[in-house]
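**Student:** According to TrEMBL, the protein has these features:
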DOMAIN    38-126  domain 'PPIase FKBP-type'
DOMAIN    136-192  domain 'PPIase FKBP-type'
DOMAIN    215-308  domain 'PPIase FKBP-type'
REPEAT    408-441  repeat 'TPR'
Amino acid sequence: DDQINPIFKAGEEKDIGNDGLKKKLVKEGEGWETPKNGYDVEVHYTGALIDGTKFDSSLDRGTPFKFKLGLGQVIKGWDEGIKTMKKGENAIFTVPPELAYGESGSPPTIPPNATLQFDVELISWTSVKDICQDGGIFKKILYEVCLEDGTLVSKSHGVEFTVGDGYFCPAFAEAVKTMKKGEKVLLTVKPQCKDKKILKKILKEGEGYDRPYNGTMVQVKLIGKLEDGMIFVKKGHDEGSFEFKVDEGQVIDGLEKTVKTMKKGEHALTTIQPEYAFGSSEYSTPEYAFGSSEYSTVYYEVELVSFVKEKESWEMNAPEKIEASGKKKEEGNVLFTAGNIERASKRYEKAVRYIEHDYSFNHEEQQQSKLLKVTCNLNNAACQLKLKDYKQAEELCTKVLELESRNVKALYRRAQAYIQLVDLDLAEADIKKALEIDPGNRELKMGCRVLKEKMREYKKKDAQFYGNIFAKMNLQQANAAKQEQRTPMIIDNKA
């Protein structure tokens, strides 16, 4: 740990890891905690070439830069360096090309094979609630699992897993999240733990820290069994490894979710209940034909032979980012048309992430980037309306309107979200503005009728609500008056 996160004094420069990353402490931070993989971090920074030529600065823009740590949203040198920082700390990182933009550079500002210097201040970070997505947060623990009579069920001398990924049961993951390094606890778990939809038992540890995420091409060996032990599928053992792309719907959800928690070379058993197997899918695969059904809990023995991740955004130059974003947009469109709304939404989100930080793009590339952002956020807003996440739909439309204030589709979709959120005045303002821009739009006129109907409906409800209140108040006053008439007058004879 000291090699990865050495102790610094102000002014000192030391190596971080063994890949040439250097860190010079300028100002010490607060406390002792540092952010972990998956955390949302907020920084101010200035980037320069080794000769001092500045190529970028969040200070110049006046807005801190935010990203998720350890998920490849920035260059590897940042992911490695910033997780060594404390809140309020200021440090200068010298990043070799291998941990920056490599042989391709990032034209026109960063030449090929450039060593870079970043002056970084870590403003804050937020631990992530949904920590089992895309690698999440890992815990290395020692444990023994016993039945109530003391029978040893399982034991580990140091297993690493994603918190919340279904390792044994939800209670196990929840307990680990509350623990400190070195802490030892006795955890008693009631039988509800069996309700977990996907369970995984590691038979053989994998290597390294990397795990597949959405878009990763994986090679696996697998054997699928039913509860009675009948094998209904066997792939990758005789004919070479079985390949599929994570989050493409090529295999059942439970298998995708399991593989995303595995490391290269890992061998595991996973139990998948019908909701994540064939119970909620339209699969007509060989697996389905050979005995598994929508009511079956299925069991897979899986070995993750290898995997190839998609190229990270920080490894791409501007044209590559735009191309990758366009590809994800098209994938999203295909999924949306097929009715796979959740997966389509993820594609649109990924498309925007590729081009989110376009400050190094030239004018033409920024125009292409803007068009992609508008289209993908609009399409994603349509997804969120179908998924009934109206707040998210409103936020996505607002992002579009920040780029194009007269975008009729964004105004209309935001109005639809506002109607469902019962912000009827805001919905009316959006529809009114959209009709001023496009007065002949039939969809807008339909939306206007829906809005008026909603307004009448809520006015009627309000009238009934207040009518009931006034009726109760009048009844209470009448009862009080009757009671007062019945109560005999008491005369004070002490006067």
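Glycine residues also receive a Cβ, built from the backbone N, Cα and C atoms like all the rest.
All TrEMBL annotations are machine predictions without curation.
Given the structure is predicted, the values throughout are model-derived calculations rather than measurements.
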**Student:** Against which stretches of its own chain does the repeat 'TPR' (408-441) lie, if we need a Cβ under 8 Å and a gap of at least six residues from its ends?
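**Tutor:** Sequence-distant neighbours of the repeat 'TPR' (408-441): 374, 378, 381-382, 384-385, 388, 390-391, 393-394, 397-398, 400-401, 447-448, 450-451, 454-455, 458.
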**Student:** For a three-state summary based on DSSP, what are the helix, strand and coil counts in the domain 'PPIase FKBP-type' (38-126)?
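**Tutor:** Reading the DSSP string over the domain 'PPIase FKBP-type' (38-126) gives 14 helix, 37 strand, 38 coil.
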**Student:** So what's the average pLDDT for the domain 'PPIase FKBP-type' (215-308)?
**Tutor:** 81
**Student:** Of the residues in the repeat 'TPR' (408-441), how many are helix, strand and coil by DSSP?
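**Tutor:** In the repeat 'TPR' (408-441), the DSSP-based counts are 27 helix, 0 strand, 7 coil.
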